């Protein structure tokens, strides 16, 4: 009876009677996800694509392992005894201080003002990174022309959840059992969006059998630009608001950031084929002429000068409440 191997990155079924010391190729380390890069702690290869990460061939040989790893132990949470409400109250006398009336807001400019492209300042680190990418991409194109569409023996299937490798022409006729969705990691749980079988163990997640049948995908076709989400945050000082977009190797000639006094439109092309778009209705008012964009190898910083040195409650202006609108309609 064939057993499932639980070694990381293996997931093959094996016969215990024929199991040998070099039958399994696996990763003895743990998965590492850092700054959008994915890899294993036991080897140096890194990738930004999750399918490529799953297809990274193991770096160690050994025996197949049929023992399922134990679930991670959850910490025991002990609750203290409930205390009387009087004990939780502060031991000093409370004084309620009335807040001062808010300063009257300045008149907000119209959002229909013409948009202006902000100045792009390109760092030396980004220029060096793009020069290296151009050299490597040129070598890859030459290599692709030589290889044409030939599939090499041992190539892993690019479908999510499939661990099969190309063995020859017979592999073209095999049925592929894979996950058609995308991997989701949320609050310690791991699962595929297509079938939602949740687990907290990464090895169990990798060993989940696919829920869709089809053909193997041995090569990835170029689908052109792909709009993707990108991690971003913001901070402010007395006179500036800065938005940081963590997109690596952005392309200045294809990217743009435009704004007027109250609106900001961001379009960034990075890593050759990825796009990030974000439109922001700003909470406050900015001075467009004194605002600019700094592009580095690891991120883009949008530096916006405040029209007045005041604290912003948030980056975006909240949408008007529907209830207030309905109330106004009924009073008319």
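Heads up, the Cβ atoms here are built off N, Cα and C, so glycines get one too.
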_Please identify which of 186, 216 is recorded by Swiss-Prot as part of the Zn(2+) 3 site containing 157, 162, 176._
216
*Residue from 64, 179 that Swiss-Prot also lists as binding Zn(2+) 1 with 5, 10, 24*: 64
*For the domain 'CS' (227-316), residues assigned helix / strand / coil by DSSP*: 0 helix, 52 strand, 38 coil
_Cβ-Cβ neighbours of residue 27 (Zn(2+) 2 binding site) (radius 10 Å)_ = 20
*Quick one: pull the CA-CA distance for residue 42 (Zn(2+) 2 binding site) versus residue 2 (N-acetylalanine), whole Å only.*
28
*Any same-chain residues 6+ apart from residue 59 (Zn(2+) 2 binding site) with CB under 8 Å of its CB? Would you list them in sequence order, or say none?*
27, 28, 40, 42, 43
